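TrEMBL has this to say about the protein:
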type: TRANSMEM; residues: 21-40; note: transmembrane segment
type: TRANSMEM; residues: 60-85; note: transmembrane segment
type: TRANSMEM; residues: 116-139; note: transmembrane segment
type: TRANSMEM; residues: 159-183; note: transmembrane segment
type: TRANSMEM; residues: 195-216; note: transmembrane segment
type: TRANSMEM; residues: 236-256; note: transmembrane segment
Amino acid sequence: MFKVYKAELVKLKRASLSLSTLASVLFITGLSTSLLFLLVDSPEGNGREGVRITRETLELATGLSLSFSNAAGLLGIVALCIFAAQTAQEYTYGTLRNLLVRQPSRMKVLIGKLMAMKLFALVIVISAGLFTFALSYLFAGVKDISTQSWGSTDARIDIARTFINVTIATIGYGIFGMILGLLFRSPVTAISIGVIWNLIIEGLLSIFVTDLARYFPGQLLSNVAFGGSEEISYQYSLFTSYGFLLVSMIIVAILFKRRDVAN
C-alpha cells in the first residue's frame with residue numbers, strides 16, 4: 001500500500017501536473033479574493049450567489065477567513081478534477097494492469113492512491129490559504145478596510161477552524177471525483193459529469209427547488225467549508241455529505257475489485 005502511495009506521489013509531483021494545478025488554484029483564489037474586496041461597495045453583492053459582504057463584516061475577526069471559505073467550492077472542483085483524472089487514467093493508459101502485477105491487492109492500490117491524493121489536496125489548500133490571506137491584507141489596504149481585528153486570538157481560532165473545514169470539503173470533492181473515475185473509467189467523462197453536476201445541476205436545482213440543497217453532496221460540502229448556515233447546520237452537512245461519499249465509495253470499491261481492469 002505504501003509503495004502505491006509513493007508511486008502515486010511521484011506522478012502527482014510531476015511539474016506538468018503540480019505546477020499547472022497550483023497556478024489554477026492561485027488564479028481561482030486570487031480572483032475570488034479580489035472580487036470580494038474590490039466589489040465591497042457594490043450593491044449587486046461581492047460574495048457567492050450575489051450575497052453582499054459589507055466592510056463592517058470584513059473588519060471583524062472572521063473577515064480574514066471569509067475570502068478563503070468563499071473560494072472553497074472552486075477549490076473543490078479542482079480537487080474533483082485531479083482525483084477523477086488520476087483514477088480514471090489508469091484505465092485509459094492501461095497502467096492499472098501493470099500496477100496490479102506489482103501489488104495484487106486492489107484495495108491496497110485504491111487506499112494507497114487515495115492517501116497520496118489526499119496529501120496533494122492538503123498542499124493545494126495550504127497554498128490557497130496562504131495566498132488568500134496575503135491578498136486579503138493587500139486589498140484591505142487598497143479599499144481602506146481596517147485589519148486590526150485580524151491579528152486577534154479570535155481571528156486565529158477562526159482561521160484554524162476555516163482551514164479544517166475547507167480541507168474537509170476539498171477532500172470530499174476529491175473523493176467524489178475518485179468515485180466518478182472508478183465508475184466511468186474515463187477522465188473526460190468523469191470530469192465532465194462531475195463539473196456539470198456540481199456547478200450546473202446542483203446549483204440550478206438548489207435555487208429553484210426549496211430545501212433541495214439538503215440532499216446534494218456538492219452543496220453540503222460547500223456548506224461545510226462555510227462552517228454551516230442558518231438553513232443547514234454544519235453537523236448535518238458534514239455527516240450527510242460524507243455518509244453519501246462513504247456509501248458510494250463502498251459500492252465503487254466493490255466494482256473495482258470485481259470488474260476487469262481493461263477499460
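Cβ coordinates come from backbone N, Cα and C, glycine included.
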With the greatest number of Cβ pairs under 8 Å to the transmembrane segment (236-256), the stretch among 60-85, 116-139, 159-183 is 159-183
Quick check: do the transmembrane segment (195-216) and the transmembrane segment (60-85) share at least 3 Cβ pairs under 8 Å, counting only pairs 6+ apart in sequence?
yes
Best-packed against the transmembrane segment (60-85), counting Cβ pairs under 8 Å over 21-40, 116-139, 159-183, is stretch 159-183
